[in-house]
Amino acid sequence: MRRTARPRAVIAAALLALLAGGCGQPMPDHSPQELRGQGEIGGDIRFSWWGSASRNERTNEVADLFEEEFPGTDVKREAADWGNYFKRLNVQGAGRNMPCVTQLQARTLGDFTARDALLPLDPMIESGAIDVSDIPEPVLDTGRGPDGALYMLPTGAAYDALTVNATLADEAGAALPDGAYTWEDYADFLRAADAGLPDDIAPVNYQGGLPNFFIAYVEGLDQDLFDGQRLGFDKRLLADYWDMWVGLHEEGLTNSPAEVAEQPPSPEAGYVAQGDVMSDSGPGNALTPVQNALDGAHPGQEVVTLPLPSGPEGRTGNVLISSGMSIPRNCDNVPTAAAFIDFWANDERGGDTYASDNGAVTNTRLLQRQLDDPELPDLKKRELALYQEIVDRDPASLLYPPGYMAVFESAFSRAFDDVAFGKKTVPEAVDAFFAEANAGLAT
Amino acid sequence: MKENDTGGPHVPRGRGRAVADTEGGAEGRPRADTKGSPKSSAKGSTKGSAEHNAAAYAFLTPWLIGMLVFTIGPMLFSLYLAFTRYDLADPPEWIGLENFRRMFTTDPRFLTSVDVTLTYVLWSVPLLLVVSLALAMVLNRGLRFLSGYRALFYMPSLIGGSVAVAALWRQIFGEEGIVNKALAFVGIDHGSWVGDPASALYTIVVLQVWTFGSAMVIFLAGLRQIPRELYDAAAVDGASAWRRLRSVTLPMLSPLVFFNLLLGVVNAFQAFTGAYVVSNGTGGPADSTLFYTLYLYEQGFAQLNMGYAAAMAWVLVLGLAVFTGLLFLSSRYWVHYGDER
C-alpha cells in the first residue's frame, strides 16, 4: 500500500502544481531594443478598450487606418462595456494575457502598476518610437505611476461637469451659475430653481454618494484625497459634505434616494437626459449623447455643461480624468504596440476619426485641428471648449491608489446610502467609510 | 488458490462470463478451464483482465482528464486558496484561518450577505413551491387548450434567469413601472420598489417565483400518477377538497415536493443574475440585495481578494451541505415513497 500511495501523492501534487503554474502564460524576455519600442513593425497585436457601440465603431476605424499605414500588421480587437472591462482585464492580468495595447484610465492605473504588470514607456519616448512632443507635460503626468515612470500614454482627457437642463432653469427663473461659483452659489441656484420648477422635477439628484462630486469638494478646499494608500482628508470634512447634502434633501431640493438608486448608470439614460431632474454631475464628454436623449424625451429643451463648483477661495474643483494606452509586460510584440500607440496619439486622420470620443484628445495639435474643423458638431466643440477652460485653471493631477474604484468608490456610495435611507447618522457613516476605505486601500 | 464453483480457478466475473458466453463449452464453463494449466490460466486471465481494464480506462480517460482538470483540480486548488491571501498577481501567501476569522468577526458585509441570502431562500423557495403546485393543480383539471397553457406557463422558466428579463424587472418595479401604474389606477401611490432597500429584495423573490415552470411541470407529472380511485374513495367518505389535498394529493406528491424543494434551495443559495442586474452589480440599495454569490464575485473579481472569495465559496458549500443534510433528515418524517410498511 505504501508503495502505491506515494506515487499517487506525487501525481496529485504534480496536478496541483500544473494547475497553479499552468494558469498563466510565460512572460516574454524582452531585449533592450524591444524595451525601447524599436524593431520590426508587423504581425499581430491585441488591442482592448471600453465603450459603447458608437465608440467601438470609431475605434475600429482608427485601427483600420493603422493597418493601412503599416501593411503586415493585424490588430485583434477586444471591446467591452465599462462595467465589465476591468473585471476581464484583471483575469487576463492574472493569466499574463493582457492585450499588447491595453486601454486604461488614471483611476485604474494603480491597480496594474502595483502588480508590475506594465512596461514603462519612457524608454520608448526617448528612442522616438512614441512621440509625446504635442502632449502637455501636466497631462502626460496623469499616466505616471508612484515611481514616476510613465506607464500609460494619456490619449484622452475627460472631466466631470455640472450638467444642467438650461431650458428648465430658465423657465424656473434661475440664472445659471457662472465663473468660479462655489457650493453655496450652487445651493442658491437650486433654491431659486426649485421655486419655479414643476413639482415633479427635482433641482438636483440626491448625489451625496457620488465620488466625483465629492472629489470636486475636496479639491476646491485644496485638501488631499489620498495620502499614499490612506485617505488624505479628515472625517470632519466628509461629515460637512454629507451634512450639506442632507440639508439640500431636507429643503426639498433633491429627489428621493430610491429614485437615485434606480437611475440607470449611463448618462444618456439618466434623469437629466430624460428631463426628469434639472441638474447633476456627469461626464463632460457625454454632452452630445445627453442632448440627443433629451431631444427625444423633451424636444426643444437644451442641456449645458458647466465646471463643477469651486472652493471658497476660487480654486477649481475639477480634475482631469485621463484615459490612455499601456503596454503590458506580457506583450510579445512591443515595437508594433509602440507604433500603434504613437499612431493613435499623433496621426491626424486617426484624431479626426476618433474625434475626442473618450475625452478631449491630449495632443494639442490634434485638438486645435478639431476645434478648427467647421464640420465638427457644435456640441462637441462646446465639450472641447470647456475642457480648455478647465485646463486653463490648472486642475490638480490625482494619483489614485490601487483599489481606488473597487474600494473607495464602492465604500463611499454605500456609506452615503446608509445615511440617505436612514440606516446610519452622518457621523456613523463617516466612521464606517473611513474604517472600510483605509483597511481596503492598505491591502 | 481459491476456486470458483465451476471447479476452475477463480477469474474475474466479467471476464469469465464474457468468455463463457462466446467461446465456452456447452456447460458454459469458462475458457480457462479448457486450455492450459490452472497456473497459466490464472496468469493469462490476469493479463487479459489488465488489458480489459486498460481498455476501459482508455475510454474513460477523456472524462477522467476533464474531471481532474476542470472539476476536482480547481476545487482542490480553491480549497488551498481559501487559506491564502491571493490577489491574482502575486503568488498565494499562506495565512491559515485568517480569511475565515475575518469573515465571521470583522466583515459586516459578509454577515449582511448571509442575511440577505437566507431571507431570499426562506421567501422564494416556499413561494415557488406553492405557486407551481397551485398552477399544476389548475392545469390538471382538463382545461381546453391545456398544452397551450402549459407551454405559456413554462416560458418564464426558459427566459426568467436571463439578463434581459432582470433588466426588464427594473422597469416593471421602478418608480414609473407597470406595477406602480397599476397601483395608481386603484389610488395607491408607491415609490420605487427596486430603489427602496425595504422592497428591493422582494422584487427579486418575485422574479424567482415567476420562473415556476420547471417545478410546475414536475408537479403536473406527479399529479397525473395519483390513482383516481383514491380521490373517489375520499369523496365517498365525504372528504372536502381541502381534506383531499391534505390527505391524498400532498402525501402522494411528497417525493416530488422534496425534489423541488431541494432543487429550489440549491438554486436559491446560488442566485446571482437577478441581483446583479437589478442592482447594477452593487448589491444595493444599501446592500439590501447583496446576495452571497454577488459579494463573493465582488471580492474575487473587483477587489481581487481571491483567497477570501475561495474561502467564501467553501463556506457556501458547507452551508449548502448542512442545509440539504437537514432536509434529507427531515424527509423521513414527511416524504412518503409508497413502499413503507
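Cβ atoms are placed via backbone N, Cα and C, with glycine included.
Summarising the annotation, TrEMBL assigns compositional bias 'Basic and acidic residues' to B:26-36.
The compositional bias 'Low complexity' annotation in TrEMBL covers B:37-47.
Annotation comment: TrEMBL describes B:114-327 as domain 'ABC transmembrane type-1'.
If you look up TrEMBL, you'll see B:1-47 marked as region 'Disordered'.
As annotated by TrEMBL, transmembrane segment applies to B:57-83 (among others).
As annotated by TrEMBL, transmembrane segment applies to B:120-139 (among others).
Positions annotated as transmembrane segment by TrEMBL: B:151-169 (among others).
The transmembrane segment annotation in TrEMBL covers B:200-223 (among others).
If you look up TrEMBL, you'll see B:253-278 (among others) marked as transmembrane segment. Proximity of distant same-chain residues to the transmembrane segment (B:253-278), defined by a Cβ-Cβ separation under 8 Å and at least 6 residues beyond the stretch ends, is recorded for 117, 120-121, 124-125, 128-129, 132-133, 161-163, 166-167, 169-170, 194, 200, 203-204, 207-208, 214-215, 218-219, 221-223, 226, 289-294, 297, 316, 319-320, 323-324, 327, 331, 334-337.
What TrEMBL lists as transmembrane segment is B:306-329 (among others).
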Segment proximity, the transmembrane segment (B:120-139) to the transmembrane segment (B:200-223), 3 or more C-beta pairs under 8 Å: yes
Remote residues contacting the transmembrane segment (B:57-83) - C-beta distance under 8 A, at least 6 residues beyond either end: 92, 94-97, 99-100, 306-307, 310-311, 313-314
